[in-house]
Amino acid sequence: MKQIILTGGGTAGHVTPNIALIPKLKEAGYEINYIGSYDGIEKKLISDFHVPYFGISSGKLRRYFDIKNFTDPFKVLKGCREAIRLMNKLKPDIVFSKGGFVSVPVVYAAQRRKIPVIIHESDMTPGLANKLSLPFANKVCCNFPETIPYLPSGKAVLTGSPIRQELLLGNRLSGLKFCNFTANKPVIMVIGGSMGAVAVNNAIRDALSKLLENYQIVHLCGKGKQDSSLNHITGYIQFEYVKEELKDLFAMTDVVVSRAGANAICELLALKKPNVLIPLSAAASRGDQILNAKSFQKQGFSAVLEEESLDTMQLIDTINEVYTNKATYINAMSNSKQADSIDIIINLIKSLT
Ligand SMILES: CC(=O)N[C@H]1[C@@H](OP(=O)(O)OP(=O)(O)OC[C@H]2O[C@@H](n3ccc(=O)[nH]c3=O)[C@H](O)[C@@H]2O)O[C@H](CO)[C@@H](O)[C@@H]1O
C-alpha cells in the first residue's frame, strides 16, 4: 500500500482542503498519516476522520518584531528534528502540504529524505510558509491562474482548491431544525473565516434588529466571539465553528455574508450561494482577500464591501440587493468553469508515487 503524509494547519483554511482529499486518497489505496502541531485546529478537525495524527513542535515565522521571535526558531528546529524522525518511522511515498507554519519542517524533512513533495497554495500570492517550502517541492498546486508567475517555472500546476464533497449534500430541513428556524423566512449565513472576524461580527450585530425583520441569521462567529446577550433572540443563532452540520446550513441559506478567504469563496462558488464579501483589509494582511473579492465581483459572483468604510445601512442595502437579484448571481456562478480539483490533485499524487 502506498503511504502519504498530509500536513497543514494553523487555521482551518490550511486543513479543510486536506480533508477534502481524504476520501479519494483512501479510494485510490493510499494509507494516510497527518502531521500537524501538538494542539492546533488541525488536530481537532482531523480527529473526525480516522487518520493517525502526529504532532510536532511549531513556531510562527514572522516578518515583524515580536518577543516570541527569540523562542520560536527553537520550536521550529525542534519541529524539524521531530519531522525527520517521523519520516524515518512512517517512510511515506509522498508528502502533500497545504501550508501554514507547521508544514515547513515537514516539507524540509521530506526533501532531506528524498521523498517527493507537493505543496498547495490557495491564495493569489504565496504565503510565507509556502515561500519557504517552494525550493523543496517537486510540484506546487495553485488555485488562481494569477499565482503561476510567482512560482518556479516547471513546478506550477493550476488545480483549483479541493472542496469537501459532502458540502454539496446538505439537507435544508435538517439545517432549519438544527437552528430552530422556520421554513417561511429567508436565511443569511455569516462566516468570518475559520477564526471569525470581529469587524464582520460587529457589523452584523449592529444591523441585527433591522435584518431580523426580513431574514433569519445563522452566525458562525469564531472561537470566543459569541455574544451571550444575543442568545435568546428568535431567528438569530450563533456558533463558534460548525463541522458536519455546515452542509445543512449551506443548504438552507439564501445569502452568505463572508470574509474572502480562498477556500471560503471557492466553496461559495461550488455551492452557487449568492454572497456579500467583506475581505480582510490590506492593513491586517498581504491583501490577498481583497484581490480574491475583486476577482469574484468582476465575474458577477459576489457583492463586495470594504471593511474600512463598512456602515450598517450599506450592509443592509447590499444584502437586500443580493437577495433580490439572487438569480443573476446564481446564473453567473453556474457559468463558471470551476476545475475538478480533487481529481487533478489525486492524479498528480499518483504521477509522483
Ligand atoms: C485571517 C487569515 O489569515 N485568513 C486566511 C486563512 O483563512 P481561513 O483559515 O479562514 O480560511 P478560508 O476562509 O479559506 O477557509 C475557511 C474554511 O473553514 C471552513 N469553516 C469555517 C467556519 C466554520 O464554522 N466551519 C467551517 O468548516 C470553511 O468551510 C472553509 O473550508 O487562510 C486562507 C487560505 O490560505 C486565506 O485566504 C485567508 O486570507
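Including glycine, each Cβ sits where the backbone N, Cα and C put it.
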Could you look at Ser133, Ser194, Ser258 and say which one TrEMBL places alongside Thr11, Ala12, Gly13, Arg164, Gln289 in the UDP-N-acetyl-alpha-D-glucosamine site? Ser194
Give me the long-range Cβ neighbours of Arg164 (UDP-N-acetyl-alpha-D-glucosamine binding site): same chain, 6+ apart, Cβ under 8 Å, in sequence order. Thr16, Ile19, Ala20
Look at each of the binding-site residues, Thr11, Ser194, Gln289, and point out the one with the fewest other Cβ atoms around it within 10 Å. Thr11
